[in-house]
């Protein structure tokens, strides 16, 4: 292999004393080793999963993947994906997975076709990682950027989730692409991605205010010199508003809204009410009573079981959206988006997931993809002990909840109160503290 | 109105006609071990107005009640269902007619509100002999029905035997109510378990034609393989004082496989209990003339407290690890997420084909059925009970081409699973033999403990507000510090 010619002089050969560190350096020097190992990593997981599925009654494949592929099968037969119960996604996902419904009669080929979705999700992981590197490289050299992208690319949790066939990896690549497009000032592409992501999974709408706020004149047209009068004299409110409405902002709003509505109208015309019901309205009407990490969970179970007559009494969970949306769509973007858009998006996602009425471990992937963008400047990395303590706290709180959940789910002990409830509150507390640290790092 | 009372003894047992005393009011005889079946047949006009109005509006209505107390059955009265109250129903042209209020009053039901809310629909495209709707609920006793029947059939002035006979319904092991528009008659059939009892029968009312039979199975050489033979004594009260001997044969759908089984939940049950069936033999019934076509099936009626996941029961590898072959029928549209307290339909029916091990030795073996509990309402102890009825287990064997099953005098149809098989299927039943004599298993379901729930709302609210406040304070810190920084920068520049 040829050495990069840009450096001008050949690198010294690795000596036995610095072997380990130089090995690490060479690993990150060029993109190939990292991406090749990330791909092999996923391939091993994928093949192992196929083996486990074929040989064990306990399946590696996520139940959701069976839902997607069943839906894709319905689509391939000219039916609606919503024929499959619990399919709560956009039809686009079922369309994307159409190859999984292809049957050739050859067993090995059929397994390969059926695994298409997992391959797609795994490739999405790699592309998300590559975009991560590109975004990171704006503020550091490429090897260091790759080092931080490794947190995502060689993360066993990420690899497991996508090779088990969960579609969260697709969201990762969409969000990363959105961020990259914004930072590259590719407003049309950003609008398309934003509209599509929100159609795909609703939650990326929280990024809209941050992106819009970030897109000020200074950033979008850096060539023009700023009128000096603005900083000396506070302008009138109307002028402020007029200043706020800039062509790029209008363009983003218009394109994202058009994309979002076009997709929804098209899906509604094709699949009718089930599309609206399953993809969107379900989230309004669902009871969210099954145990999950959310601090509201116990309260939701309690109130869902009460007779309707007592519904007039005050119910805290009815207001749950308030702290969640205030933080993730107003306060955090307003305060932090202009300081660091990636970190703002991370903090927004973190707040959205932490304060959500439902919280499962798949949601953690939503912010995990943004984490490598924040870590380089974070107090968690600057002070390694502090970072480790935070990680341990996060894992321990989750572990406590999982232990209580295991007792409930598999041993049949009534751990809802107080165990599971306190564990979810503790986990919520830890998450709020971490969120506070992330925000504090933006001073 | 007419009545038929039948005592069925086991094969080989019989009674001498001289041991019986018959007169216009009844029959008296010695104590024998037998099953007793009483069948009352009503013409529509003989029914009270409320019941008549309901039946005139329906196409088919079949109630099948089975006691949760294990009982011994005798051929040919062998048809079995899971214990509880079953309803198989086809509405008439007016679909708004609701049988629930009357059935609730008659049987003391608590979860039948209307066909659209509580019933599930059955496939009618498979075979023509099934009804369109199904309903089930656990019902441990016929107390309410005995009371209801007495108020209906024993008006003031009836003989005391009327009231006492209907009172004995509480000891019955099965009860059937059958109505369809073709016969235009309502049949009430009750069955008492095989036990020592005196051969006595009295009139419900002097105006009723009452036929009494004392029968047992017999196996004459002329019998076709799918037939059973019956011999014994028959008499009609008021027409003769000496019972006359009789001998007849007919093809029977429900036979005895001479195997038995038990069902229990594997501990710990958690939220995903596994029902284990322990079956005495893996071999198909040796007596079946078409042994090679026999497949072992389990028919389950699962109340809404728990459900089978048809997607989980789809994987051949998973199924064979549980000694199951395939799901042959499952109630469509079962919600896999909703808690019990917002689920209005009764639950789900499941027909599973089991996979007995291939060994020729007649060893006991097991099959496991994975189930999933719904969330139940909170309680003061942190636990609730979910009662799960025993399934009906049988070998379904296809009789030879051309075999007909014309109505037999003891035919029991509309038992749920018969509508899922072809017309030529014979059901060879396995005898449920629970160790505790109860055909119901109980699962302890963990639920939210209301005793500890007083502070949940308040504390949850407080913690969320505190978390929110903490994040807002950190944000304010950024704003304030950011302002300072800008100030410092300005100072530096100046």
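Using the three backbone atoms N, Cα and C, a Cβ is placed for every residue, glycine included.
Cross-referencing A:138-163, A:190-215 with TrEMBL places the feature transmembrane segment at A:190-215. Looking at A:32-51, A:165-183, A:250-271, A:349-374, A:416-439, the range that has the most CB pairs within less than 8 A of the transmembrane segment (A:386-404) turns out to be A:416-439. The transmembrane segment (A:319-337) shares more Cβ pairs under 8 Å with A:349-374 than with any other stretch in the list A:165-183, A:250-271, A:349-374, A:416-439.
Counting Cβ pairs under 8 Å to the transmembrane segment (A:416-439), the top-ranked stretch among A:165-183, A:250-271, A:349-374 is A:349-374. Within the chain, the transmembrane segment (A:165-183) has long-range Cβ neighbours (under 8 A, six or more residues past its boundaries) at 61-62, 64-65, 68, 89, 93, 117-118, 120-122, 124-125, 127-128, 131-132, 134-135, 138, 152, 158, 189-190, 193-194, 196-197, 200-201, 204, 207, 211, 214-215, 341-342, 345, 362, 365-366, 368-370, 373. Long-range contacts of the transmembrane segment (A:250-271) within its own chain (CB-CB distance under 8 A, at least 6 residues past either end) are made by residues 80-82, 90-92, 187-188, 190-192, 194-196, 198-199, 208, 211-212, 215, 279.
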